[in-house]
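Asker: Before I ask anything, let me first share the structure, which is written out below as structure tokens.
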């Protein structure tokens, strides 16, 4: 049998053992808990002196400070230049984390290595010392096991009745002398020969502190037994928790304590309550304190230190990966810790709804308590819904949290007025103030998908809250109390109304105060950039007056955009110095992220797609633009006889074409308006992606007109210079609809011939929407659907007709794309673009 196979088999049997043990513990614990009278447990909890409860929680929080002795020994042994106060802070965070998700202490060992390797260049010795600390966590229990075997901590009622307990104690007791002998005989450093002994003493003190906290919890719930006997039961339970490899020994530890104390004639209700208080005091309270400490400890200070540390050596085999992520992870620890604290706060006060309900049942003024219940439930739900926003550093989410904390505090003061909980709310409020000051964005964009998820989550949470309250009332058997059930019936709707009012008012005020700032168009600067660096097929639309412009810091490039429905819709590619496009887009994305807006690019070319891709965008092909090569365009030849026939027809009718250069007279503009109004026939003008029929815009470029034999204007088209590559485009094309003449053909042909005569090389006839989109079965589903629309909905919109019409001019087809950010919906982005185009 190979070594690899042996290792796999060992891992497999370990997994089977751990799984079987876990299932056994769960079923046994369930069987024991099924006999417990939860009403009696709640009654016992109500009798507890609140001062003793505060002292228990304080003791649980302070007990973890003893574990800092491990880190002090480590720092002294390695002679690390690290402030003592920081050692205590870091150690507390590590040990609190290790107690919850320890997996035998390996999580704590990993975090220690991660933190302390930045203070030393001898990582080998660091790992060896951390290994001693990891193993010594068991040696403390080994020492206590020896005392249990010697009956100093008397647990004979368990040892004599359960044979496997005796054998576990003997095995663990033998581990201590072996460990001490090995670490003294073969020390990591001869100058620190007794490192294992020191760590064993700390481990023993640690376990005794934990036993003392549990014993104090037992005394509070009126359990009175010998301390020596209690410690004996605790040691056996701790060993069971370690063997189970379940983080914190959850389940296995509690089951052994429950069975051990039950065998002494103590009621199960008291034991359960003592265990819950112990878990809260020794695990939950330290974690909350650790989260608060981490919001200060890890952040800009740690990030700056890592940037400047000469001892920064990433872990072997993950060098490049860790170097790129370690600093970013540390920088996110404060916001992540605050988000966890907010989530836990909401859960705590959701559970505290039981207190409001219970007090309200025995109070004559039911209505006030139901209002307080609805307010607190609404505030807790609002906290949960904004946890992600707080993690992302959104000021609006933090403001929602501010309001929620104030509402929870008000409900708490009016009802049960717990000093401990009010103190906690004050701490959270202070942390939120600090988070607001360092927030990176004003708000995060809301999307239909996100709103739907939040709605479903709200319904689910409110349903769970209802189940919790109703289940507790049933367990306490309080339905015999006469209450106003109509108020309970409308409690759900009261909560919904309060949430809607809070969200609506704050969102409106926030949007009103931080409305998207208008970047005034400096046409002089735009002209200078276009004249120096050139434009594109859409750059002339900067003069339409319905868009804002965003310039880069050097003022040598800009983009045209318009704000609509929390989105910044950009028209075309950036304009200006191509070397500045990346910095321009980076600044624009930072601006949009701070404001909480989505970014959508409309009608971009494929030239800069790698640049858009770098910003995490997705692409959708809108269609293709028809670009005619004027160097090869001609009306001569057999295939072009249709063009000649059209031109000859206009000549026979004495219809003339001419180009009018600006400035234009008022009479000329009145003629244009007459034709335009007839062509529109009451329809609204389109915006954004086409020019505006205004005297200011039309005066920026020449206009081609067609007149009949009497000199009356019957058609016109406005030109769009591109200011680059000798290309030109056409914008507005309008004619008198009552005339049965191919006026659009006439305008295009005359414009093509005029452009060629003037030396232009290319002519843009515009886009054929959805043309050549999703034609392959390998294409994205959304593009294949768009392709089917192109093929089968020609009656609603002339998709195919537009392409066939432009095909007769033999153009080169260039693709145009819609660019939108990842995690955003294509259809929602398209809808916003259409709203920009259709509405002024």
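Each residue, glycine too, has its Cβ placed from N, Cα and C.
Taken from Swiss-Prot, the feature topological domain 'Cytoplasmic' covers 1-8, 74-89, 222-229, 292-337, 388-392, 511-840 (among others). Under the heading topological domain 'Extracellular', Swiss-Prot lists 30-52, 111-129, 183-200, 251-270, 359-366, 472-489, citing sequence analysis as support. According to Swiss-Prot, the transmembrane segment annotation covers 9-29, 53-73, 90-110, 130-150, 162-182, 201-221, 230-250, 338-358, 393-413, 416-436, 451-471, 490-510 (among others).
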Asker: Taking 53-73, 130-150, 162-182 as candidates, which has the most Cβ pairs under 8 Å with the transmembrane segment (201-221)?
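Answerer: Comparing 53-73, 130-150, 162-182 against the transmembrane segment (201-221), the winner is 53-73.
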Asker: For the topological domain 'Cytoplasmic' (388-392), give the DSSP counts of helix residues, strand residues and coil residues.
Answerer: 4 helix, 0 strand, 1 coil
Asker: For the transmembrane segment (451-471) against the transmembrane segment (53-73), do we get 3 or more Cβ-Cβ pairs below 8 Å once near-sequence pairs (under 6 apart) are dropped?
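Answerer: Touching, no - the transmembrane segment (451-471) and the transmembrane segment (53-73) miss the threshold of 3 or more Cβ pairs under 8 Å.
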Asker: What residues elsewhere in the chain lie close to the topological domain 'Extracellular' (183-200), defined as a C-beta under 8 angstroms and at least 6 residues from its ends?
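Answerer: Here the qualifying positions are 70, 73, 77, 125, 128-129, 132-133, 136, 139-140, 142-143, 176.
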Asker: Six or more residues out from either end of the topological domain 'Cytoplasmic' (222-229), which same-chain residues have a Cβ under 8 Å from its Cβ atoms?
Answerer: 44, 152-155, 215, 261, 264, 266, 270-271, 274
Asker: Apart from its near flanks, which chain residues at least 6 from the ends of the topological domain 'Cytoplasmic' (74-89) lie with a Cβ under 8 angstroms of it?
Answerer: 65, 68, 112, 116, 119-120, 122, 125-126, 129-130, 133, 189, 192, 195, 293, 297
Asker: By DSSP, how many residues in the topological domain 'Extracellular' (111-129) are helix, how many strand, and how many coil?
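Answerer: So the topological domain 'Extracellular' (111-129) is made up of 16 helix, 0 strand, 3 coil.
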Asker: Hey, which bits of the same chain come close to the topological domain 'Cytoplasmic' (388-392), Cβ under 8 Å, at least six residues off its ends?
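Answerer: Cβ under 8 Å, 6 or more out: 332, 335-336, 338-339, 342, 398, 400-401, 432, 435, 440-441, 443-444.
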Asker: Looking only at the topological domain 'Extracellular' (183-200), how are its residues distributed among DSSP helix, strand and coil?
Answerer: 12 helix, 0 strand, 6 coil
Asker: Which residue counts does DSSP yield for the topological domain 'Cytoplasmic' (74-89) in the helix, strand and coil classes, in that order?
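Answerer: Per-class counts: 11 helix, 0 strand, 5 coil.
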